Amino acid sequence: MKIVEVRHPLVQHKIGLLRDAALSTKGFRELVTELGTLLAYEATANLDTESHTQPGWAGPVTVQRIAGAKITLVPILRAGLGMLPGVLALIPAARVSVVGLQRDEETLQPVPYFERLTGRLEERDALILDPMLATGGTLMATIDMLKRAGARRIKGIFLVAAPEGLKALEAVHPDVEVYTAAIDDHLNDKGYILPGLGDAGDRIFGTRLE
């Protein structure tokens with residue numbers, strides 16, 4: 001399985017800022033948007049291109065364009081929505097599919113509650129957006145949904161990932177590519193990533209208990 005931990009200095013700087021427990025909701029949200037753009041840039045680096053001739057200011061000019069790739073972004077509710085604006089800024093023509101799963105805090109298993117996928121997934125590159133890859137359960141359930149709907153080319157974009165989740169994903173979906181700003185140390189006994197970011201959804205939407 002292809003796993004890319006993006007070591008670009010800007011990515012590492014911003015993920016470090018994101019780990020600050022004192023960071024405001026506004027600051028957290030802005031950094032998530034910026035990291036979404038930077039990570040999507042890396043995740044789309046292997047798209048095929050083709051030559052195209054078009055009118056230029058001094059006559060015909062040959063340029064490179066994406067070779068027929070259609071992209072759907074798949075934010076996992078609700079935290080994945082925080083990454084969506086940054087990725088759409090890079091790929092404004094992308095279709096958006098939405099998946100809602102929540103983790104049962106006792107079993108740590110994902111429970112689906114919403115699914116709205118764009119059509120013709122077999123023709124599209126699907127980019128799953130979620131700040132955290134922890135146990136991998138939510139991600140694998142999302143991939144199962146996408147594959148049942150016909151998706152063949154799937155990538156996951158995460159701010160941080162746990163080794164346990166990566167290992168679980170590789171055992172079930174080795175064809176999926178993963179792009180992340182950081183591979184963290186481990187999961188605690190409650191299934192949370194350490195050192196992690198805290199609850200990314202609460203920090204993005206400002207719903208932390210004070």
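Glycine is treated like the rest: Cβ placed from N, Cα and C.
Proximity of Met132 (5-phospho-alpha-D-ribose 1-diphosphate binding site) to non-local residues of its own chain (separation of 6 or more, Cβ distance below 8 Å) is seen for Ala79, Phe158, Leu159, Val160, Ala161, Ile193, Gly196, Leu197, Ala200, given in sequence order. As annotated by Swiss-Prot, 5-phospho-alpha-D-ribose 1-diphosphate binding site applies to Arg78, Arg103, Asp130, Pro131, Met132, Leu133, Ala134, Thr135, Gly136, Gly137, Thr138, Asp199, with the evidence given as sequence analysis.
The uracil binding site feature in Swiss-Prot is assigned to Ile193, Gly198, Asp199, Ala200. Neighbour density for Ala200 (uracil binding site): within 10 A of its CB lie 24 other CB atoms from the protein chains shown.
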Fewest other Cβ within 10 angstroms of its own Cβ, chosen from the binding-site residues Gly136, Gly198: Gly198
Collapsed DSSP category at Ala134 (5-phospho-alpha-D-ribose 1-diphosphate binding site): coil
